[in-house]
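Below is one structure, written out as structure tokens; comments come after it.
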Protein chains: 2
Amino acid sequence: MPLKVYDDAYFMRQAIAQAEMAAAAGEIPVGAIVTSNDRIIARGHNQTEQLSDVTAHAEIIALTAAANHLGDKYLHDCTLYVTLEPCPMCAGALAWSQVSRIVYGASDDKRGFMRFGRELLHPKTKLEYGILHEECSALMTTFFQNKR
Amino acid sequence: MPLKVYDDAYFMRQAIAQAEMAAAAGEIPVGAIVTSNDRIIARGHNQTEQLSDVTAHAEIIALTAAANHLGDKYLHDCTLYVTLEPCPMCAGALAWSQVSRIVYGASDDKRGFMRFGRELLHPKTKLEYGILHEECSALMTTFFQNKR
């Protein structure tokens, strides 16, 4: 049986690398990537402070970059990996994109979209979470501990 | 008593003018403006087709333009006027912006954020709707009739 090199944990580690870039820039550390056929086609990290733009979340940056790359506003056959549960704005954007699959790491009970339910996503979008949960949660905990 | 020239209907007409620009470009006709102290500081209309970008809704374009204008990601003391009830993505973006007031014209029972409730907005944001409701609804009806 061949070894699957590119699994969800592999891609989530790439999203974590993006989150670390956000942290290094003083931004809340959230990172995202978009894959298509096991290839990374877009990356993004939170840049709300640097760009002074509340919409500059990792997911929005990654999904618009992926649409640019594909020349198509729809992300059919794509997976978005993100270190933190998306907020309702990002869930709404992902719904419009019709992305095939969303994988997130840490939960966000206060700001995450799950408070409003999966109906915020496109009905065809598959959802998984908890991948590298501890590493993804640690990003946030460490960031806010250092802020204090 | 002095006549108030710049009332909600006046500003909604400016948003309608934006929506008409979208329609002329073959886009679903939604327009938005942002005011601060009764001055228009940003305008936007739906450009999802032209930009091949699902996030290019009138509200997102107007709110990021307003933030650029102010040099501040928060839209305190601002009102966003939009011809159609915002979708959850736009409601979520408006929540992050902490905009003081949202005024929308026509309802969108299928795609609007109200299905999920006002909790999608920032608790301090005031909400009004139904301003120039007929004109705003007619924009959509006419557009989709011509599509058929």
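Every residue, even glycine, has its Cβ placed from backbone N, Cα and C.
Owing to the predicted nature of the structure, the values given are computational and were not obtained by experimental measurement.
Going by TrEMBL, these are the annotated features:
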- A:E59: active site, proton donor (ACT_SITE)
- A:H57, A:C87, A:C90: Zn(2+) binding site (BINDING)
- A:6-116: domain 'CMP/dCMP-type deaminase' (DOMAIN)
Looking only at the domain 'CMP/dCMP-type deaminase' (A:6-116), what are its DSSP counts of helix, strand and coil residues?
47 helix, 26 strand, 38 coil
Can you grab the distance from A:E59 (active site, proton donor) over to A:C90 (Zn(2+) binding site)? Cα atoms, rounded to a whole Å.
6
State the mean pLDDT for the domain 'CMP/dCMP-type deaminase' (A:6-116).
97
Give me the long-range Cβ neighbours of A:H57 (Zn(2+) binding site): same chain, 6+ apart, Cβ under 8 Å, in sequence order.
A:V30, A:G44, A:N46, A:T48, A:P86, A:C87, A:M89, A:C90
Within 10 Å of its Cβ, which one of these binding-site residues (A:C87, A:C90) has the largest number of other Cβ atoms?
A:C90
Among all protein chains shown, how many Cβ atoms are found within 10 Å of the Cβ of the residue listed as 'active site, proton donor', not counting that one?
28
